[in-house]
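Engineer: Structure below; questions to follow.
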Amino acid sequence: MSEFWLCFNCCIAEQPQPKRRRRIDRSMIGEPTNFVHTAHVGSGDLFSGMNSVSSIQNQMQSKGGYGGGMAANVQMQLVDTKAG
């Protein structure tokens, strides 16, 4: 027995092409507006423990502009990635 395929073009909608994201180059990016430098934070500051993290948060909040945040309890597990 053979198969017979009949295609109805009127019933099949053409699939929309995915939109390509516009490529951004450096000339499209302007200078920051309303920028306020509040703190220096390095990877060593975060790995020294939770006391350091809370002191960094307190320092940044004392500079202003962080009043709209919400408090959250966070537990972090530190993993040493040094090759030994």
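Cβ atoms are placed via backbone N, Cα and C, with glycine included.
According to Swiss-Prot, the protein carries these features:
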LIPID     C10  S-palmitoyl cysteine
LIPID     C11  S-palmitoyl cysteine
DOMAIN    29-42  domain 'CRIB'
MOD_RES   S43  phosphoserine
MOD_RES   S52  phosphoserine
Engineer: Between the modified residues S43, S52, whose Cβ has more other Cβ atoms within 10 Å than any of the rest?
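Structural biologist: Per the Cβ count, the most surrounded site is S52.
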Engineer: Can you tell me how far the Cα of S43 (phosphoserine) sits from the Cα of S52 (phosphoserine), in Å?
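Structural biologist: Just about 11 Å between their Cα atoms.
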